[in-house]
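Peer 1: Okay, handing you the structure first.
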Amino acid sequence: MYRQIPNTTTRISQDSRGVIQLPSGDEISSTTANIDHIKNRYGQQIYINTYPQYDPNVSYHGYDLSRDISEYQFGTNNGHNQQNITNRPVPAPRKTHSNYSSESELVKSKNGREQWSGRFDFFFSSLGYAVGFGAVWRFPYLCYRNGGGVFLIPYITLLFLLGIPLFYLEVNLGQFTSQGPVQCWRMAPIFKGLGISMSLMSFFLTVYYAMLLAYSILYLILSFRSKLEWTTCGSWASANCTDDFSTFVMRCNYENTYKDPNGRCYTWTDQGLTQIGWWDVQSRIQYRKPVLPTDDYFNNYILNKSPGMGFISTMEWPLVLCLLAAWILVFICLCRGIKTSGKLRLYVVYFTAVFPYVILLILGIRGWTLPGMSRGIYFYMKPDLSRLADQRVWNDAANQIFFVLSVAYGGLITLSSYNKFTRSTLGNALVISITNVLTSIFAGFVIFAYLGYLSYMTGQEVQDVVSEGPGLAFIVYPYAVTTLPGAPFWSILFFFMLILLGLDSVFASVETIVVVITDQIHGLRRYNTLVILVVCIAMFALGLLLCTDAGIYWITFLDQFTGSYPAFVIGLLECICIAYIYGSNRFRADLIAMLGSKDYGVRLYRIFQICWLFITPMLIIALIIFTSINYPSLKLGRYNFPSWSYKLGWGLTGLILSGIVFYAIYAIIYLLLVKRNSWRALISPEQKWGPLLEQNRKKVSYYYGRQQGALVSLFDRLTKRTSSRDTLARSKSIDTSINEKEESISTTRPPSRIGSESAV
């Protein structure tokens, strides 16, 4: 097909493939003067770029122009290195696969979302998000509360049957869609409320997580002294405070001494018997149970703890200032986006990855050389198998797996959504999960060594040495550093380590909430810094309740009700949506398109598929049922929480899960009543479901299978059967009405002439 340009003899043609054939250089030079006067048949000016240049930094709606530009033929001597009439070189075709940073810029310019700029940013961000306070602070006190070594049995079991499968699911889902926790569920619109519930759970988790960060900042400031205040009993100490355990009991076999049967030791003086100590440990403990200086320091000085959850009288201003400092630090690190926070993590990655283990190893070596440490290790490693019948052990173990791996909180989906589309995921999932659990177990060896030493010094059982609860780490670890020479120096390093661990976890949680907001309201992406500021201010304001003298009770309350039931329900619905609604085979086809058929995650997919289909959902259902039958009581030491706290806790659980319920109602109203769609639209992928970038969506179309979930197939079968029965019933009713009409017509119609004659 040829079209002649006016006032010229030059022709522009297309071959059979539709590729444009441009004239040679001589013909172009002869028409340059007249080319500005070309108009179409509507009289509109046509502008032709005689110097086509390819800009790799511009998005061309997902097309790879570096490949397509080579197909345009310029004149008779077509080549990639030829020059046009102005000696401007036509760029040579670039490789289809661009480098990582350019792809990041492409995503940001077109869709307003960023990507990790470094190869290890996601790994260390996820590692820091998972390996946080949960490993060093939460695991020891849960293990201490649930009988020591017996807690490790359900903990490790649920890691492989519950934690790793959900971890792998969320990482792949976020990377495949490049979307946050809400938009990634476009595969089934009725489940998009999962992302809202995830963000609500992360919100309340981050509120008290930041408070633990404030405790660490305050301890860090108080460590800059020649002698740590909590080494000995001070003015803040209670009557039971004991800092010298060498005289806790005595032999009472010296000259002029008398052993009283009640456990007291007396000496004879001119005034008579005078008590000089105790010779029986149990009698001494019954009279006055010893309390560590670090225990009194944390409860009486740092917290100024009130008698109960409802007794709020004062605001602890040092904690308020430390909480404010924590949120200012978080905002500064996040206000420039994930690339800045990723680079910040990358600069200190080797330090933060090794530093916590170095500090824990130093404390461990000191603790493992103290007398009586074997008592603590024995308590930690020898399981009391009878405790396995206690459903609270399994509930706490499952809760800790969700908490420590950060599954069902939305953070993993958010962090993986910034990943390169083809990055392998199995290695990250296994390494991060196993490293996290090993860190928890290693921290247990350290803390239980000191508990064994205290048991030896005081003559108490290991489970009775200190009060259990969320403050256990802030009692035992500060005591551990006092046993080292140069205690202030080691205290500074230890609490600096806690701050680093806490910051990484808070970073990911805040990013999750911000991504949920900006993905729902795209116009706010240009005001990302303002959104981060508003979220930080809101969390700081809510955290002021934890800065009161009843703050530790509220931390225990939030820790109990924030992540138990909501995390179980969200994890269960994740498995149902992927395995039974969208289809596990269809999800496997997506992974093949994303990672390739030779990826180890794809090869081992059947193992994860069995977990998502049967094992993981059944375990979660069993946990929900048995926990509901006998819900564990909420305690902090000897304090029993009031009944109204349980009602408030269930209300908080309902608030978190309301995101699932209300969005499902919204989807039903919008899709069925407003859009007039069928019920099938609630569980069918949206048109925008899939990878975010167009070139990645093309890959999916090659591998996309039409396998659907079992529940969707069952729904379709029931719908077809119902429709066929309705159609048959309608056809029968129509036939019956037609027959009745014919009979009525035949009775009223007069006989025909032919009929009457034949009758005669």
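Each residue, glycine too, has its Cβ placed from N, Cα and C.
Copying in the features that TrEMBL gives for the protein in this structure:
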- 76-104: region 'Disordered' (REGION)
- 76-87: compositional bias 'Polar residues' (COMPBIAS)
- 120-139: transmembrane segment (TRANSMEM)
- Gly128, Ala130, Val131, Asn436, Leu501, Asp504, Ser505: Na(+) binding site (BINDING)
- 151-169: transmembrane segment (TRANSMEM)
- 190-222: transmembrane segment (TRANSMEM)
- Cys233-Cys241: disulfide bond (DISULFID)
- 317-335: transmembrane segment (TRANSMEM)
- 347-368: transmembrane segment (TRANSMEM)
- 397-418: transmembrane segment (TRANSMEM)
- 430-453: transmembrane segment (TRANSMEM)
- 489-518: transmembrane segment (TRANSMEM)
- 530-557: transmembrane segment (TRANSMEM)
- 563-583: transmembrane segment (TRANSMEM)
- 604-629: transmembrane segment (TRANSMEM)
- 649-673: transmembrane segment (TRANSMEM)
- 726-760: region 'Disordered' (REGION)
- 726-744: compositional bias 'Basic and acidic residues' (COMPBIAS)
Peer 1: With every protein chain in view, what's the tally of Cβ atoms within 10 Å of the Cβ of Cys241 (disulfide bond), excluding that atom itself?
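Peer 2: Cys241 (disulfide bond) is surrounded by 18 other Cβ atoms within 10 Å.
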Peer 1: What whole-number Å value do you get for the CA-CA distance of Leu501 (Na(+) binding site) and Cys241 (disulfide bond)?
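Peer 2: Between the Cα atoms of Leu501 (Na(+) binding site) and Cys241 (disulfide bond), the distance comes to 31 Å.
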Peer 1: Hey, which bits of the same chain come close to the transmembrane segment (563-583), Cβ under 8 Å, at least six residues off its ends?
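Peer 2: Hits for the transmembrane segment (563-583): 162, 166, 169-170, 173, 185, 187-188, 191, 194, 197-198, 201, 205, 395, 398-399, 402-403, 407-409, 609, 612-613, 616-617, 620-621, 623-624, 627, 653, 656-657, 660, 683, 685, 707-712.
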Peer 1: Which listed stretch (317-335, 489-518, 649-673) has the most C-beta pairs under 8 A with the transmembrane segment (530-557)?
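Peer 2: If we count Cβ pairs closer than 8 Å to the transmembrane segment (530-557), 317-335 scores highest.
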Peer 1: Distance check, please: Cα of Ser505 (Na(+) binding site) against Cα of Cys241 (disulfide bond), rounded to an integer number of angstrom.
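Peer 2: Each residue's Cα considered, Ser505 (Na(+) binding site) and Cys241 (disulfide bond) end up 35 Å apart.
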Peer 1: For the transmembrane segment (190-222), give me same-chain residues lying six or more residues beyond its boundaries with a C-beta closer than 8 angstroms to one of its C-beta atoms, as numbers and ranges.
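Peer 2: Here the qualifying positions are 132-133, 137, 180-184, 228-229, 302, 318-319, 322-323, 325-327, 330, 408-411, 413, 474, 478, 491-492, 495-496, 498-499, 502-503, 505-506, 509-510, 512-513, 516, 539-540, 542-543, 546-547, 551, 554-555, 558-559, 562-563, 566-567, 570, 573-574, 577, 581, 652, 655-664, 667-668, 682-683.
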Peer 1: State the residues, same chain only, that lie 6 or more residues beyond the ends of the transmembrane segment (317-335) and have a CB under 8 A from a CB inside it; answer 'none' if no residue qualifies.
Peer 2: 210-211, 213-215, 217-218, 221, 302, 341, 344, 502-503, 506-507, 510-511, 514, 529, 532-533, 536-537, 539-540, 543-544, 546-547, 551
Peer 1: Where else in the chain does the transmembrane segment (430-453) make close Cβ contacts, counting only residues six or more beyond its ends and a cut-off under 8 Å?
Peer 2: 123, 126-127, 130-131, 134-136, 139-140, 143-144, 148, 152, 155-156, 159, 163-164, 167, 356-357, 360, 363-364, 367-368, 370-380, 400, 404-405, 462, 465-466, 472-473, 476-477, 479-480, 483
Peer 1: Find the member of 151-169, 489-518, 604-629, 649-673 that has more C-beta pairs under 8 Å to the transmembrane segment (120-139) than any other listed stretch.
Peer 2: 489-518
Peer 1: If one measures from the C-alpha of Asn436 (Na(+) binding site) to the C-alpha of Cys233 (disulfide bond), what distance in angstrom results, rounded to a whole number?
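Peer 2: That comes out at 36 Å between the alpha carbons.
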Peer 1: When you measure from the Cβ of Gly128 (Na(+) binding site), how many other Cβ atoms are you left with inside 10 Å?
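Peer 2: Around Gly128 (Na(+) binding site), other Cβ atoms within 10 Å: 24.
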